[in-house]
Structure formats: C-alpha cells, structure tokens
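Written below as structure tokens is the structure these notes are about.
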Amino acid sequence: LRGGDMGSRVMSHLQGAQLLSFLLVAPDQLVSELLQRLEDSVNMEEPPNPSILLAMNLAGATNGGTHKWLLQEMKEDVVKRAQKGMTSGQVALSVLALLSSCENPQHVHALGETVNLLHILQKKTEEEMASMEVNGVPKTTLFSLSLDTLGLCLGQVGHYEEASIALAKQVLSPTSELSVDTRAVAALAMACAYHQTDLGHLRHLLWEAVSVVTNDFLDEQEKRDGMMGNIYSMGLALQVEWVAPGPWPPGFYSRGSSRRFPTFLCRHWAPQKGFTLLGTLIQVDYSIINTLQGKHFKISTSVWVPEGSTLLKVLQAAEEKEPDVFSFQTEQTSWGPMVTSIHGLAANPEDRTYWQFLSGEDALQEGVGTYIPRDGEHIQAVFNTY
C-alpha cells in the first residue's frame with residue numbers, strides 16, 4: 001500500500017476485481033472491515049464511483065442505503081454525462097457496474113430520460129479504434145480500450161471482436177511495455193471475446209495473447225513472492241486466472257475458466273465460507289427459422305437472462321438486443337401466452353401454421369410462459385405446420 005495507508009482514499013480507488021481477490025482469501029472479519037472502509041469512502045458531494053458499486057455487488061452488499069444511492073446516482077450521472085462528459089473507459093466501467101447490479105445498460109432510465117449506454121460505448125470505442133488506425137494509439141489509453149472491449153463483449157453487442165484483435169496485437173508486440181493493470185484488463189477482455197466468437201483464427205490469436213499474459217504473470221509471481229504489479233493491479237491480475245482459456249502451465253493456480261464472468265455479470269458473492277453464488281446470469285442461444293413461406297431465414301443470437309427465467313424472458317431479451325430481427329407478438333390463452341408472430345411472420349390457422357419451439361431437436365412440452373431454459377441451451381423457434 002502506498003505509504004502504508006489502508007484508509008478510505010485507497011479503498012475508493014480499488015476496482016471490483018481487487019475486492020473479489022480479498023473475498024477469495026480473506027477471513028470474514030477482514031472482508032467486513034474492507035467493505036466498511038469502502039462505504040465510508042463514498043462522498044455524496046462527488047460524482048458516483050462505478051468501481052465502488054461494482055465491488056459492493058461482488059461482496060453481496062446490495063441491500064444498504066449506500067448501494068441504493070450509488071446505483072441511482074450512477075444512473076443519473078450516466079443520463080447527464082455519458083454522451084459528452086465521459087471517456088470511453090468511464091462509460092465501460094458504468095456498463096460493468098450496471099451489469100453486476102442486474103440492470104440493463106441498454107435501457108438506463110433516470111431524470112425522465114432513457115439512454116442506451118451500450119450504444120454510447122460502441123460509438124466511443126469506434127473513436128478509440130479510429131485513433132489506433134491513424135496514430136497507432138487509442139484516443140485515451142489501452143486500459144480504457146480494454147475496458148471498452150470487455151463491456152461490449154459482456155453486453156453482447158458488436159465491435160468487441162475488432163477491438164480484441166487490436167489488444168492482442170499490442171500484447172504480442174515485442175516493443176510494447178504495458179503495465180500489469182493494462183495487461184490484466186486486456187486479458188479479461190480477450191478471454192471474453194475468445195469464449196464468445198466462433199471465428200477459429202481469432203480464437204487462436206486471442207488464446208496466444210492471453211497465454212502470453214498469464215505466463216508473464218506466473219513469472220512475476222515466482223520472482224516477487226506471489227506479487228504481480230502493486231496492490232492496485234494485483235486483484236486485476238488474479239482475475240485473469242478465473243476466465244482465461246487453458247491449458248495452464250504447470251504450477252499456475254486456476255479455479256477454472258468459465259463462459260460466464262463472475263467479476264462483472266449479475267452475481268452477488270456471499271462473504272462466507274464457500275462463497276455461495278446467490279445470483280447468476282445464464283446464457284441461452286436462440287434461433288428463429290423459417291423454411292416454409294416467403295423469404296426463408298435462419299437467424300441466431302445469444303442472450304443473458306437471470307437463472308430461473310422463463311423462455312418468454314429469453315424472447316424479450318433477444319428483442320431488446322435486436323428489435324428489427326427478433327420482434328415477436330403473443331396472444332394470451334387459458335394455457336398462458338402463446339407466440340403468434342416472430343420477425344413479422346404470423347401464424348395462421350387457415351393454413352395451419354404456427355411457431356414451434358424446440359430445445360435442440362426436441363419439441364418443448366411447455367409454453368413460453370412456463371418453460372425455464374438451462375445455461376447453454378439452444379432454443380429454436382421454427383415456423384411449422386400442424
């Protein structure tokens with residue numbers, strides 16, 4: 001710690017990843033003390049700090065007045081400043097904090113207005129990338145671009161693949177001298193892109209770049225008695241162990257890679273033995289298929305929904321993500337909601353057409369209002385006849 005200070009000023013600058021590192025190794029009492037210092041660092045006369053909100057979410061401290069105030073103030077701050085008063089990194093950090101708060105960053109409502117924060121982040125990331133192409137450096141910093149890429153990837157919107165390539169090239173460049181902080185966040189972003197993309201050549205590039213980062217961190221751990229960077233960067237570096245694609249070099253401690261990112265998604269960690277996961281997002285693949293009438297189509301997407309959500313929530317999430325593609329209509333029946341139209345194509349009893357839902361190749365035996373998809377499940381909506 002700088003100057004031995006463990007006070008509130010230090011805590012106000014710790015990222016959520018740092019606090020999660022404490023949660024993994026520290027006794028309950030120490031975690032509680034750190035959380036108290038974190039809350040004490042909140043100054044209600046200053047703009048809200050998304051890092052603090054993110055850290056509180058990770059620790060499961062979501063029911064107090066400070067958390068509620070931070071979340072509401074952050075929404076208001078986003079509505080007022082995201083377009084012109086925030087850097088891309090600040091917008092990205094707000095996206096991550098909202099995701100961890102189980103809030104939709106595409107619909108941030110405050111002060112009578114609604115903004116799509118992911119759309120704003122896309123635009124600001126484009127500006128960062130344009131500067132990279134012209135000047136060889138981003139508009140702000142590589143750390144910010146890494147946050148941007150991670151936010152876009154976890155938010156399930158476009159532009160993260162191009163940005164992840166730029167990050168990989170920087171990491172692999174023999175002349176680059178990146179800090180531990182920047183390499184760690186870049187690795188988190190590249191690991192997310194690795195798990196999301198289906199492009200084989202991109203996966204290979206990202207695997208190589210993340211492997212370089214993890215091997216460098218391993219070397220530094222061995223040389224510095226377990227430390228990587230300083231107290232500010234250590235937690236971020238530890239997060240790479242959680243999400244980076246394996247296989248791992250001998251001796252590298254990994255708690256396993258995951259398609260889902262425990263640091264940033266809608267998850268609340270209980271500060272107790274075992275660190276029980278109290279809330280979880282799951283990823284569901286969703287396809288709409290018509291080979292029966294008019295112009296044929298087969299369109300797929302992936303969405304995140306809270307665990308335990310019905311299939312109807314999956315359809316709504318897909319529509320929010322791409323309304324021009326996945327719009328749908330329902331009709332209320334005595335058995336619950338029935339989907340009557342998808343992508344503008346309506347079922348018609350006169351020609352005996354309907355929208356059939358399948359899990360993989362198996363027809364569902366429940367309606368969209370009651371069926372609960374599993375994590376990683378592929379749901380297909382097929383325009384069919386009966």
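Along the chain as shown, the residues are counted starting at 1.
Each Cβ is built from the backbone N, Cα and C atoms, and glycine gets one as well.
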Message: Under TrEMBL's annotation, the disulfide partner of Cys153 is which of Cys102, Cys192?
response: Cys192
Task: Using a 10 angstroms cut-off on Cβ to Cβ distances, just flag whichever of Cys153, Cys192, Leu364 is the loneliest among these recorded positions.
output: Leu364
Query: If you count the other Cβ atoms within 10 Å of each Cβ, which of the binding-site residues Asp181, Asn230, Tyr386 comes out on top?
result: Asp181
Helix-strand-coil residue split for the domain 'Transcobalamin-like C-terminal' (308-380), DSSP-based: 15 helix, 27 strand, 31 coil
- line: Rounded Cα distance, in Å, between Asn230 (cyanocob(III)alamin binding site) and Cys192 (disulfide bond) is 24
- request: Rounded to the nearest Å, what's the C-alpha distance separating Cys192 (disulfide bond) and Leu364 (cyanocob(III)alamin binding site)? Just drop the number here, would you?
  value: 31
